[in-house]
Amino acid sequence: MDPLGADDPQVIGAYRLLGRLGSGGMGRVYVGRSAGGRTVAVKVVHAHFALDEEFRARFRREVDAARRVGGDFTAPVLDADPEARIPWVATGYVAGPPLNQAVSDEGPLPEASVRALGAGLAEALAAVHALGLVHRDVKPSNVLLALDGPRLIDFGIARATEGTVSLTSTGASIGSPGYMAPEQILGENVEGAADVFSLGAVLAYAATGEPPFPGDTSAALLYKVVHDEPRFGRELTGELRDLVAACLAKNPADRPTPEQIVRRLAPEDGASGLARPGWLPGALVERVSRQVVELLDLEAEAVAPPSAPEPPDAEPSPAGPYVTESPAAEPSDAAPSAEDRPTPPPAPALGPSPAPAAPVLGAFGPPDPLYADGPQGKDRPAAHPLPAPPSAEPGGARSVSLSAAVGGKKRPKALSCTLVLSVAGALAAATTAAVLFQVLPGGSDDSADKSAGKPRPSATEQQPGAGDTGSEKGDVPKGFIGTWQGDLTSDSGIPVGTLTITFRQGPIGQDVASGWVKLSVLRCDSTWKLVSAAPKQLHLDARLKGSEPQQGCSDASTDEQFTLTSDGTISYKAKDKQAGDPTGTLRKLK
């Protein structure tokens, strides 16, 4: 936990902030306290997301899903304001490290702890599935280890099974490589059995300290999940090994239900009977105790919230996105108890000032360490530059001051559009290339297009930058101008998607291309900046487009090479080890 910085708010809604837990792809997470003394975790989205109505719709849906979920092994959602100028959500604070940190620092858990962990998480999933929801992202960093049992958190990509549609502009929300079920990777129908597969992978990791599907790249991980059998260490034996293996069955119908898992792990008293004081090894108990003491010290040292600044005569306060604009929340039918009901503090606040909505159950949690600042997040996409507010707003659009926006000050990393997800594991190696053209949206069928000799884009997609190739002078050779498409393959022969890119004219140092890499329902959109140009070769630097980085998009090198060949195609090479240094041949569409 870090102290609040100069660009952090002191108050959000009716909660006084004590410290910062971390920063993730969606925003920052703080530790706060209500006027009644309850400790909470407050997740605040990045300011530039607040300008995106599509993101707001998704955030609203995710909060609604979290509010429906309850149980002893999830964290309660206490308050939220999806309509605030900067949306936020507050949950009960869970004192305990995420499973991935605990295992990394202290080693694998003993069998008794793994059994309690599995029973608690299975009970949480049973509650989720009973509501027609699927968590979709069960992984070690979404499991917190508290003294009274595990907690399953972060229902940020939970989705109702009765047929909601993804609201992301670049494809479906996905889980985490190595912990996704095969049907989830392949873009097939995802039901509760997918969470059971992920639970099996989590238990294998907890028991052995290693994931059951090891790999150096996301593409390799997902290939192994679909194609290979899991690997278990010597620590996983007997009945527990058999149960984990059953959870990791490739066929969803062969996996046990969460209720069956609870009965096998805790046949007498259920999960609560196993998750008693002492369920964690001594080293972790000591660690959690230190965390509680640290929190108490923070609360003791915290100063009172500052007085509200004098309002300006005309323009909004330079407090930026922490100035509330949303209307007062409707009172809930079930009000919180007097001691837990926060009172409006005299400081700039995010969200409505009245008492928060009644406590409801659900789960949001700390940021995914894969996206967090610091060493754990060094290989993940960095935050994007915040866009400037538009000079003129269309009817109903929101405008947000970004002068004190949530977000880091580090220069963003270059991002490759290379999608590091693969469905190749489900296909025989000899037929992979032929089948790919038929199963990937935007691909082409060789039998239907032999005469043309080039792939056709999907009828439901627009070509990137179509009609915007430009005619001004620049450094891009004329032969590159237009839209190109081709399949990419990693250095190990694994397909990593279909690249569609449109080149336009422009000078060195400016963006001269836009496009995407797509595999099944997953897509990464990028723009490319021209680094150098020769008559037959371009070197470009890519960065991700869109309001929210896709988890399946790898970090990039700054060198993507496009070379015009004698047969009229473009040879593509990227120096990107995380994506397997992909290569491919692009053919012109127009």
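All residue numbers here begin at 1 and follow the chain in the order shown.
Including glycine, each Cβ sits where the backbone N, Cα and C put it.
When pLDDT is averaged over the domain 'Protein kinase' (15-280), the result is 86. Per TrEMBL, domain 'Protein kinase' is recorded for 15-280.
Annotation source TrEMBL lists ATP binding site at K43. DSSP gives K43 (ATP binding site) a strand state.
What TrEMBL records for 303-407 (among others) is region 'Disordered'.
Summarising the annotation, TrEMBL assigns compositional bias 'Pro residues' to 306-319 (among others).
Per TrEMBL, the feature compositional bias 'Low complexity' maps to 320-337.
According to TrEMBL, the compositional bias 'Pro residues' annotation covers 343-357 (among others).
The feature region 'Disordered' is assigned by TrEMBL to 445-484 (among others).
The Cβ neighbour count for K43 (ATP binding site), using a 10 Å radius and every protein chain shown, is 25.
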